[in-house]
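**Q** Straight out of TrEMBL:
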- 31-41: compositional bias 'Low complexity' (COMPBIAS)
- 42-51: compositional bias 'Basic residues' (COMPBIAS)
- 277-295: compositional bias 'Acidic residues' (COMPBIAS)
- 22-76: region 'Disordered' (REGION)
- 269-297: region 'Disordered' (REGION)
- 184-226: repeat 'WD' (REPEAT)
- 227-258: repeat 'WD' (REPEAT)
- 309-350: repeat 'WD' (REPEAT)
- 351-392: repeat 'WD' (REPEAT)
- 395-435: repeat 'WD' (REPEAT)
Amino acid sequence: CCALSAVLLKVICGKVSRGQGHEVGGMPVEGGSSSGSASAARHPKQKRKAHSLSIRRTNSTEERPPGIQRGDMLEGQDSKLPISLRNNLLDLFGQIEREFENLYIENLELRREIDSLNERLTGDGQTIEGGDPTKGALKTKASHSTSQLSQKLKTTYKASTSKIVSSFKATAGSRAVCQLLKEYVGHRDGIWDLSVTRNPPVVLGTASADHSALLWSIETGKCLLRYAGHAGSVNSIKFHPTEQMALTASGDQTAHIWRYMVQLPAPQPPPDVSALCDDDQDSSDREEGEVDGEGPCEVPTVRLATATLKSHQGVVIAADWLVGGRQVVTASWDRAANLYELETSELVHTLTGHDQELTHCCTHPTQRLVVTSSRDTTFRLWDFRDPSIHSVNVFQGHTDTVTSAVFTVGDNVVSGSDDRTVKVWDLKNMRSPIATIRTDSAVNRISVSANQRIIALPHDNRQVRLFDMSGVRLARLPRSNRMVRTGMTLVFALSISIVKTS
């Protein structure tokens with residue numbers, strides 16, 4: 001259109017050569033004398049006539065009498081242009097007019113959009129300066145206003161998006177029902193870890209910041225034995241797969257292996273206590289720090305370890321038995337994991353590679369595999385199945401500290417992180433998780449049940465939620481007002497509760 005307009009302006013102003021047979025836009029032009037052309041070139045202002053060309057709008061929306069051409073509508077007007085040229089000029093000017101009309105309508109729409117955006121931002125004290133609807137700068141201003149609105153929406157809802165609840169939240173009708181069965185009270189400080197023996201006698205072991213580990217009767221809740229051989233906080237406890245031995249890791253930079261002998265008391269009928277798992281109901285009204293009873297009862301105490309593993313230069317945060325129970329792996333804040341022989345207590349391998357402190361370690365129940373997690377946002381899978389090759393794979397599936405990574409009975413790994421996500425991985429294909437659980441709080445040391453494949457997620461907000469392996473939320477355990485976190489994992493302050501789900 002711009003090119004056609006330039007040509008038309010030249011035709012109107014008489015600046016197109018009037019030589020015989022010359023065509024403008026494929027249209028013949030009426031010829032004139034050569035002297036007239038020269039005279040016109042010498043005195044263009046004198047030869048320019050004062051008459052004007054009157055143009056009527058002839059677009060598709062205007063009705064034209066049948067049988068009348070565009071040029072016929074200009075008969076009787078003072079013009080020397082031939083009819084064919086005048087018709088083509090009318091068509092071209094009609095197209096230009098329609099183009100300007102479309103631009104004008106578009107600018108009006110942009111003007112209305114800017115007004116609407118200004119109204120939405122008026123309450124926040126922000127106003128977008130508008131412009132003349134006929135100016136081409138309206139598009140730029142409208143784009144700028146849209147960008148400002150988008151940024152404003154992001155800022156306004158930033159806080160709410162950080163409180164996203166689980167994407168896999170089940171409906172109320174499908175949630176499991178939780179019932180409190182037993183509470184174990186006796187530690188004088190926070191409890192970092194717990195474990196249950198795999199073979200009879202079945203006892204519960206707890207590791208506490210009070211420098212001790214306690215063994216409990218699950219049925220009666222009675223304390224059976226106390227281990228007091230550590231000089232620092234006891235951070236984890238694991239039982240030997242076949243023998244009556246326990247492995248504890250401590251803040252005194254050591255891991256201890258110690259034997260225990262317990263006699264289970266006669267079972268007692270369970271108390272008639274029930275606590276439904278309601279999202280808005282707490283199961284305890286006691287104040288923080290309040291304890292039932294006066295501490296652990298007088299029980300046998302073990303103070304000497306069978307073996308002491310002391311090759312680390314930092315806090316030993318976790319320890320576990322390899323399958324078969326002949327080797328032990330420990331994880332430390334010195335950024336390394338160590339593999340020891342049980343019989344000799346000698347260091348076999350030092351597993352290095354993490355860039356920051358380790359947070360947890362776990363062994364596969366049936367294969368010689370070890371997974372370690374770290375504050376460097378990664379977890380690593382160590383393979384000891386081939387004695388001659390010790391391979392390692394690094395997985396970067398999280399954006400914050402990986403607080404724990406554990407194996408399941410099947411070929412899965414479950415990892416939890418401070419980035420408020422828990423991911424389920426398939427050992428056969430670890431390129432991407434098969435399920436992702438998004439929560440509203442950082443996830444601490446997770447646990448997976450051996451038979452029902454239920455994932456228990458302890459959070460910084462003093463809640464424990466249950467999910468299945470596909471990421472569907474099953475229930476939330478009754479919350480205790482005395483649950484706190486001091487840097488390593490979830491603390492059930494001074495007590496442990498056993499909850500049954502159905």
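Keep in mind that glycine also has a Cβ here, set from the backbone N, Cα and C atoms.
On a predicted model such as this, the values are computed, not experimentally measured, just so you know.
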**Q** Given a Cβ distance threshold of under 8 angstroms, which distant residues of the chain, six or more beyond its ends, lie next to the repeat 'WD' (227-258)?
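**A** For the repeat 'WD' (227-258), the nonlocal Cβ contacts are 189, 192-199, 205-215, 301-310, 312-321, 323-325, 328, 330-332, 342, 345, 488.
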**Q** Average the per-residue pLDDT over the repeat 'WD' (395-435) and send me the rounded value.
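**A** That stretch averages a pLDDT of 92.
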**Q** Count up the helix, strand and coil residues in the repeat 'WD' (184-226) according to DSSP, in that order.
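**A** Helix (H, G, I), strand (E, B), coil: 0 helix, 23 strand, 20 coil.
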